[in-house]
Amino acid sequence: MKQRIKTRHMILGVMCLMYFIAYIDRVNISVAAPLIREEMGLTTSQLGLVFSAFAYPYAAMQILGGWMADKFGPKKVLIVLSLIWGVATVLTGFAGSVLILVVLRFVLGIGEGGAFPTATRAFTYWMPVAERGFAQGITHSFARLGGAITPPVVLVIVAAAGWREAFIVLGAVSLGWTLLYAFFFKDSPDKHSRVTAQELQEIGYRHGDSRQAAKAATPWRRLFRRMWLVTFVDFCYGWSLWVYLTWLPSYLKEARGFDLKQLALFTALPLMAGVVGDTLGGVLSDRIYKRTGNLRLARGAVLFVGLAGSLMFIAPMTFTADAVNAVILLSLSFFFLELTNAVLWSLPLDIAGKYAGTAGGMMNTGFGVAGMVSPVVFGYLIERTGSYDLPFMISGALLGVGALASLFINPLLTVDSPDEKAGEVRHALP
C-alpha cells in the first residue's frame, strides 16, 4: 500500500516554493545589473543604492511582519506580502530611471521583509521539534537554489527578449504562487481537512494553541534579552550573504574577467554550494540533537563551524590570481556560510515558541540591517580603492567575530524560562 504523504510535508513543499521564488525576485536585480547600469548610465555608488533600497524596508518589516503573523495568522499576512512583492517585481520591468528602480526595490523589500518570519511562525505549529532544523534547512536551500538558477534563467530571458521582460515574467510567477498558497495553506493543522489525528499527535499540536497565542501579550523585553546575540550573529552572517546576493556577478565580470556567458555558470556555482550547505546544516543540527539530547551543542557546533569555515576560505580568495580558483574558494566559503542558516532560523522556534514570528523577525532585523549597509559600503570601497579586496576582508573579519559570538548563544534560555533555571532545562523545548 502506497504511503500517504503527510500534510505537513506538503505544506513544507509549498513553503519551499515560496522561498525559491522569493530569492529569484531578490537576486534578479544583481544579474541584470550590468545591463541596467549600461542602459541607464549608473555609477557603482548608484547601483549600490539600488541594491540597498530593498534592505531598509526589509529590515523594518522583520519584527512587524513576524508580530502580525503571531497576531493575525500566517495565511492572511503572507498573502498580502506576496502580492506586494509580485506586483513590485512586474513593475520593475517598466522602470525608466534610477529613482523608480530605488522605489520599486523599496516596495519589494516591504513585501519580502515579513515573509520568512511569517513562514517561521507557520512552522511553530506545523513542524515537530525534531524536524524543525530540516524544515528551516530545506526551505533556505530552496532559497539558495532560486538564487543559483537566477543567473541562467534571467540571462535566457534577457537573450530572448530583454532585461525588462525578465522582471515581468518572474513577477507573474510570484503572483501564481500566491494563488496556490491561498488555496492550500491553513494557519494550524487542526484547521486542515487533510490532517489526521495521528499526524496531529506526531506534530505535537494541541487544539487551541494558535488562538491562545493570538490573544497573548508579546513579552518584548524577554524576547530582546534572549534574541539580541542571535540578531548580532545574523548580522555578521548577513553581511557576507548580501555581498554574494548583490555584488557577485559584478565581481566575477569586472575583477575576474568572466563574460556574460561564463557568468551564468560561475555565478551559479557558489550559490549551488549554498544549497547543499543549507540542507546539510539543518540535517546535521537535527542529527546531533537526536543523538545527544543537547540542543545547545546541536545548534552551537554547526553555527561555529559554519562561520569559521567560511572565513577560512574567503581569506585566501582575495590573494589568488587564478579566476577559477577564486570561484572554487568562493563556493567553499559560501557552503560553510550556509551551514549556519537553518540553525539561525531554528533558534527563534527553540527560544520563543509561540512568539516565533516576532522572534524570527527580531533576529532577521540583523540580516536586514546588514543589507542596508553592506552593498553600499561594498560599492563605495570599490569606487574609492578600485579593488574588491578590502570589502571582502571586512566580510572575513565579521565572520570571525560572528563565530566567536556564536559560542555564547544558548537556546535553552527560552522566553518562558528564568535565567537562574536555565541549567536545569536542558531538554526543555517550546
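Glycine is treated like the rest: Cβ placed from N, Cα and C.
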For which of the residue intervals 11-31, 263-283 does Swiss-Prot record transmembrane segment? 263-283
With pairs fewer than 6 apart in sequence excluded, do the transmembrane segment (362-382) and the transmembrane segment (47-67) have three or more C-beta pairs that lie under 8 Å? yes
So are the transmembrane segment (390-410) and the transmembrane segment (301-321) touching or not, going by 3+ C-beta pairs under 8 A with a sequence gap of 6 or more? yes
Could you check if the transmembrane segment (83-103) is in contact with the transmembrane segment (327-347), meaning 3+ Cβ pairs under 8 Å among residue pairs at least 6 apart in sequence? no
Which sequence positions outside the transmembrane segment (301-321), separated from its termini by at least 6 residues, show Cβ-Cβ distances below 8 Å to it? 233, 236-237, 240, 277, 281, 284-285, 288, 329-330, 332-340, 343-344, 388-389, 392-393, 395-396, 399-400, 402-403, 406-407, 409
Under 8 Å, at least three CB pairs between the transmembrane segment (263-283) and the transmembrane segment (165-185) (pairs 6 or more apart)? no
Long-range Cβ contacts under 8 Å made by the transmembrane segment (165-185), restricted to residues 6 or more beyond its ends, are 10-11, 14, 17-18, 21-22, 24-25, 28, 32, 74-75, 78-79, 82-83, 85-93, 122, 153-154, 157-158
